[in-house]
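Quick one: this structure, given as structure tokens, is what I'll be asking you about.
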């Protein structure tokens, strides 16, 4: 438990800072652009991380939203209940996960449709010989063809959105103080460490996507959708009274409760 507490202390001192929340979006944009320049001008040699079957991609990135929801759900529930003691406020804050799920579903469906309507089936990866008889990506692949369309980077979108959402929700730790004897101490500490490491994985794999995969425009659009999903909620809608609200993070609990009143 001591090692876990040290990790939690380190993460509180890094990811929970307001400067991190303020600068992380710009850092992700800069990393995406820099990685894309490297990919275009001086491609890195093939490595384990450039293989789509690597462990982080298969077991984490492809399940990124599931991982994020599974860890944020108990974290939001425990920390917000610890601070407010009101089930109604906890449920209201948990609705952020429903909003995030809707954003994830709508964006991924949109990306899939864009790739479908802008794509064609080819005989080879070199885009030779259009196979007009195959009108969908699934049918094209089933018949051994290669589908090529405008493939907005789903990884760039989702990893951006998940990382920013976690950092926003962890801001509540400015107010959460539990000593070792508190019945929620172990659970919250464990969740802080898990969410912290998950955030580092998302940022690292975002960098790998920038360096190894997709064209610049595909990554720009993917990152842009992730930023819009984050800013449209935490930067705009959640500031309104009719919304899930922001995590409690004001100087006094009274002010925090007033913030969540309808």
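Numbers run from 1 along the shown chain.
Yeah, the Cβs are placed from backbone N, Cα and C, and that goes for glycine too.
Pulled the feature table from Swiss-Prot, pasting it below:
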- 155: active site (ACT_SITE)
- 214: active site (ACT_SITE)
- 1-23: topological domain 'Cytoplasmic' (TOPO_DOM)
- 45-57: topological domain 'Lumenal' (TOPO_DOM)
- 79-93: topological domain 'Cytoplasmic' (TOPO_DOM)
- 115-145: topological domain 'Lumenal' (TOPO_DOM)
- 167-190: topological domain 'Cytoplasmic' (TOPO_DOM)
- 212-218: topological domain 'Lumenal' (TOPO_DOM)
- 240-262: topological domain 'Cytoplasmic' (TOPO_DOM)
- 24-44: transmembrane segment (TRANSMEM)
- 58-78: transmembrane segment (TRANSMEM)
- 94-114: transmembrane segment (TRANSMEM)
- 146-166: transmembrane segment (TRANSMEM)
- 191-211: transmembrane segment (TRANSMEM)
- 219-239: transmembrane segment (TRANSMEM)
Can you work out which residues elsewhere in the same chain, 6+ from the ends of the transmembrane segment (146-166), have a Cβ less than 8 Å from its Cβ atoms?
15, 24-25, 28, 32, 61, 64-65, 68, 71-72, 96, 100, 103-104, 107-108, 111, 114-125, 127, 137, 140, 195, 198-199, 202-203, 205-206, 209-210, 213-214, 217-219, 221-223, 225-227, 229-230, 234
If you count Cβ pairs under 8 Å, which stretch among 24-44, 191-211, 219-239 touches the transmembrane segment (58-78) the most?
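By Cβ pairs under 8 Å, 191-211 leads among 24-44, 191-211, 219-239.
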Minimum Cβ neighbour count within 10 Å among the active-site residues 155, 214: which residue?
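If we count Cβ atoms within 10 Å for the active-site residues 155, 214, the smallest count is at 214.
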Name the secondary structure element type, per DSSP in three states, that contains residue 155 (active site).
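Reduced to three states, the DSSP call for residue 155 (active site) is helix.
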Is it possible to list how many residues within the topological domain 'Lumenal' (212-218) are helical, extended or coil according to DSSP?
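Per-class counts: 4 helix, 0 strand, 3 coil.
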So which residues does the topological domain 'Cytoplasmic' (167-190) touch in its own chain, when a touch means Cβ under 8 Å and the partner is 6 or more beyond its ends?
1, 4-5, 8, 11-12, 15-16, 18, 20-21, 24, 72, 74-76, 78-80, 82-83, 96, 196, 199, 230, 234, 246-250, 253, 256
In whole Å, how far is residue 214 (active site) from residue 155 (active site) when you measure between their Cα atoms?
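About 10 Å separates the two Cα atoms.
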What else in the chain is close to the topological domain 'Lumenal' (212-218), if you only count residues 6 or more beyond its ends and a Cβ gap under 8 Å?
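Same-chain contacts beyond the flanks: 33, 36, 39-40, 44, 49-50, 150-153, 155-156.
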For the topological domain 'Cytoplasmic' (167-190), jot down how many residues DSSP puts in helix, in strand and in coil.
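Summed by class, the stretch gives 14 helix, 0 strand, 10 coil.
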Summarise the topological domain 'Cytoplasmic' (79-93) by DSSP state, stating how many residues are helix, strand and coil.
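So the topological domain 'Cytoplasmic' (79-93) is made up of 13 helix, 0 strand, 2 coil.
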